[in-house]
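Notes follow the structure.
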């Protein structure tokens, strides 16, 4: 468990991200793809059902022994809360109510945030725009680990710890890499979340709040669904910086596995991403792809060529001009 990862730096490239050019080519060849850029009519109902399910779980958690509370937080709540963060990801692209109603999408994301226990939705949207616009951009894309992470988490045991601590790194990294001023929506997100947490605590006590927070921390940490964090952009094959996953867990994660398709067309809702591949299979079928997030996690931990440094990075124009 002590072998160090083989990489000592990121994979620096001097080309633009590939998705912009792919998008232009595909739209020119398949204009029917534009018809997929419409709101998901079922997203709001699915998310509402998930939020209500977690509220019911909170009520049930009052009578659970602590060991069972943490078991169900991992086995059930972790799946639901992780999936809700992926719903928030989808909503951040205005797929719940359409691009013409950005305010409704923002407030609905805050509603979806409620079972997560901590304010997340507004901050995620603020930084996720840069992830698409400046994929791998040095100092801009906060999805890319820091040098500190790459140098410290370089052995199997440390990489395992890094995976378990993903919620903390995703929270703290933006503050270190690309700090931004707090927005009004972030303040609203925080106030609404605190009010919801206080209400749950007042009604049902401590255990439901512990259940929700444990669901988020465990579900976003060392959990099978968390394989998507690594599968999406970690360089399993040199020259490829985005990968899709075509496995069964897409059914409960809003098709987040269709990640190549998503970066090619961010405005297409998750429910329509499989149709992109169906319309233009020659753009996807030959690319390297994943079929098991558990295997992704296993390979990441035990393959010396993989680690936090196994990411493509580039210097973007905005980064050059920031000073």
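Heads up, the Cβ atoms here are built off N, Cα and C, so glycines get one too.
These figures come from a predicted structure and were not determined experimentally.
The region 'Required for C4-hydroxylase activity' annotation in Swiss-Prot falls on one of the ranges 80-84, 85-89, 90-94, 95-99, namely 95-99. Your range for transmembrane segment, going by Swiss-Prot and the list 68-88, 110-130, is 68-88. Note on Swiss-Prot: of 244-248, 249-253, 254-258, 259-263, the range annotated with the feature motif 'Histidine box-3' is 259-263.
For the ranges 45-65, 150-170, 171-191, the feature annotated in Swiss-Prot as transmembrane segment maps to 45-65.
Summarised as a single figure, the pLDDT of the motif 'Histidine box-2' (128-132) averages 96.
Packing against the region 'Required for C4-hydroxylase activity' (95-99) from elsewhere in the chain are residues 38-40, 43-44, 47, 105, 108-109, 267-270: each is 6 or more residues past its ends and has a CB under 8 Å from a CB in it. A Cβ distance under 8 Å defines the sequence-distant neighbours of the transmembrane segment (45-65), meaning residues of its chain 6+ beyond its ends; these are 72, 76-77, 80-81, 83-84, 87, 91, 96, 108, 111-112, 114-115, 200, 204-205, 207-208, 210-212, 215.
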